[in-house]
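Going by TrEMBL, these are the annotated features:
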- 1-230: region 'Pyrophosphorylase' (REGION)
- 6-221: domain 'Nucleotidyl transferase' (DOMAIN)
- 23, 73, 78-79, 101-103, 140, 155, 170, 228, 333, 351, 366, 377: UDP-N-acetyl-alpha-D-glucosamine binding site (BINDING)
- 103, 228: Mg(2+) binding site (BINDING)
- 231-251: region 'Linker' (REGION)
- 252-456: region 'N-acetyltransferase' (REGION)
- 363: active site, proton acceptor (ACT_SITE)
- 380, 386, 387, 405, 423, 440: acetyl-CoA binding site (BINDING)
Ligand code: UD1
Ligand code: CA
């Protein structure tokens, strides 16, 4: 087997996306489009990996780092011009050049292996992957003669009317013999409606020279899907979500409405957990068994134990242990840990806080930079005043504390084990264990006041 160099074309802006972000960096169900291609080639043994960058190349370099070689295409003059930019990098290389597009994300290792094998065993100078699509719009079409021999590729915009019905398309994935590739690239001229150097013109050039060009047909059309517009992106995302939802359902997760549920690849969910509609679960979230999640919940990088209930809430970068009850309308911000059997109710926000086993914050509360022990009751409207405008300070609430409603806990402050605070208190000093702290002005009743007011 000859050696293989992979070249990924990713220099274009993606004009049809109508966006300032390079097309290949658009988010496809949790990761940039380009990362799908990179993940595939990481499972594929190749001698060299090169990516062609151009439009906002610094953004792509920042994302990928130095695990790949870069070729810079300063002006985006077309796919042939793009590949030509790898000439110098590949000057010492001998073997096959596998050309991929950064905007064709679902390609599998299996089909690439099939392509290479077919290319090699037939000794072609170029082999491409084609596909038969019901709706071929937007793709270059494969032109064949009456005997089915390939004659060339015509881009959608240059297609004469009588060829519009051709359903065999070019997927933009090719394997070339390196020497032949670069010799033929020099011969391409930008004579087409877009005035671009088309890589697809290579087919005609090579055939003219009497060389053989082969093709294999993709068996699964979703694999070769190219993303050019925001609509293509949304359709591709849908495919990823649907695939993920199906996988989870086969593992015993109940998903009430797959159409309104969005779960990113890599998320893990235990058996008998029910996911209610309008729920989004992102980035490496793990959920245990027998949980009830949603409706209207958004989990990002969350670690959820068994038997947890989450209703209409947002959880980011937090750990929630078994049998915790959350929501509706709670927000757990990063570095929060909620321990076994605790309860977080309506309009409660936690940030960088540990809430102990069996503790409750049931209504209208903000707990930030707090360490809260077991069996603590946080009254409605309690606020940790953790920020003095300069620095974040810590609140410590020990086991069994009872905080009355509408308290302000001015950090740094510590409430000792088993202590109580009166409703409406502003706690500025530590409270010793087992004591009651009342920190509010005493009520004064002025008798007959309202009657006197009415008379004047
Ligand atoms: C290309 C093919 C078309 C095929 C389709 C499959 C050509 C001329 N056409 O069309 O036959 O059906 O893919 O998806 O090749 N790029 C560069 N530099 C450039 C231009 C493009 O790096 O100067 C990159 C883009 O960033 C993109 C890839 O090449 O990742 C393909 O370019 P795109 O403009 O999307 O080509 P299509 O019109 O889809
Ligand atoms: Ca494309």
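Note: Cβ is positioned from N, Cα and C throughout, glycine not excepted.
Where the annotation comes from TrEMBL, it is an automatic prediction and has not been curated.
Taking the features listed in TrEMBL, we show where each one sits on the structure.
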{"residue": "228", "record": "UDP-N-acetyl-alpha-D-glucosamine binding site", "DSSP (3 states)": "coil"}
{"residue": "351", "record": "UDP-N-acetyl-alpha-D-glucosamine binding site", "DSSP (3 states)": "strand"}
{"residue": "363", "record": "active site, proton acceptor", "DSSP (3 states)": "strand"}
{"residue": "377", "record": "UDP-N-acetyl-alpha-D-glucosamine binding site", "DSSP (3 states)": "strand"}
{"residue": "386", "record": "acetyl-CoA binding site", "DSSP (3 states)": "coil"}
{"residue": "405", "record": "acetyl-CoA binding site", "DSSP (3 states)": "coil"}
{"residue": "423", "record": "acetyl-CoA binding site", "DSSP (3 states)": "coil"}
{"residue": "440", "record": "acetyl-CoA binding site", "DSSP (3 states)": "coil"}
Scan 78, 101, 351, 377, 387, 405 for binding-site residues whose C-beta lands under 6 Å from an atom of ligand 1 and note them, or write none. 78, 101
Could you tell me what the rest of the chain brings near the region 'Linker' (231-251), counting residues at least six beyond its ends with Cβ under 8 Å? 17, 26, 28-30, 33, 105-106, 222, 225, 258, 261-265, 267, 269, 271
Rounded inter-Cα distance in Å - residue 78 (UDP-N-acetyl-alpha-D-glucosamine binding site), residue 387 (acetyl-CoA binding site): 55
Can you tell which of the binding-site residues (103, 155) has the fewest other C-beta atoms within 10 angstroms of its C-beta? 155
Neighbourhood of ligand 2 - binding-site residues from 103, 228, 387, 423 with Cβ under 6 Å: 103, 228
Taking Cα atoms as reference points, which of the binding-site residues 386, 387, 405, 423, 440 is nearest to residue 377 (UDP-N-acetyl-alpha-D-glucosamine binding site)? 405
Densest Cβ environment (other Cβ within 10 Å) across the binding-site residues 380, 423 belongs to 380
Largest inter-residue Cα distance among 380, 386, 387, 405, 423, 440 [record-listed acetyl-CoA binders, Å]: 22
23, 228, 351, 386, 423, 440 screened against residue 363 (active site, proton acceptor), Cα within 10 Å - retained binding-site residues: none
Residue 380 (acetyl-CoA binding site) versus residue 228 (UDP-N-acetyl-alpha-D-glucosamine binding site) - Cα distance in angstrom: 51
Same-chain residues at least 6 positions away from residue 386 (acetyl-CoA binding site) with a Cβ under 8 Å from its Cβ, in sequence order, are 368, 369, 370, 392, 393, 394, 395, 411
Find the shortest Cα-Cα separation between residue 440 (acetyl-CoA binding site) and the binding-site residues 23, 101, 351, and name the residue that gives it. 351
Return the residues near residue 23 (UDP-N-acetyl-alpha-D-glucosamine binding site), defined as same-chain residues 6+ apart in sequence whose C-beta is under 8 angstroms from its C-beta, sorted by sequence, else 'none'. 12, 13, 14, 17, 33, 102, 103, 227, 228
Protein Cβ atoms within 10 Å of residue 440 (acetyl-CoA binding site), excluding its own: 14
10 Å Cβ neighbour count around residue 351 (UDP-N-acetyl-alpha-D-glucosamine binding site)? 20
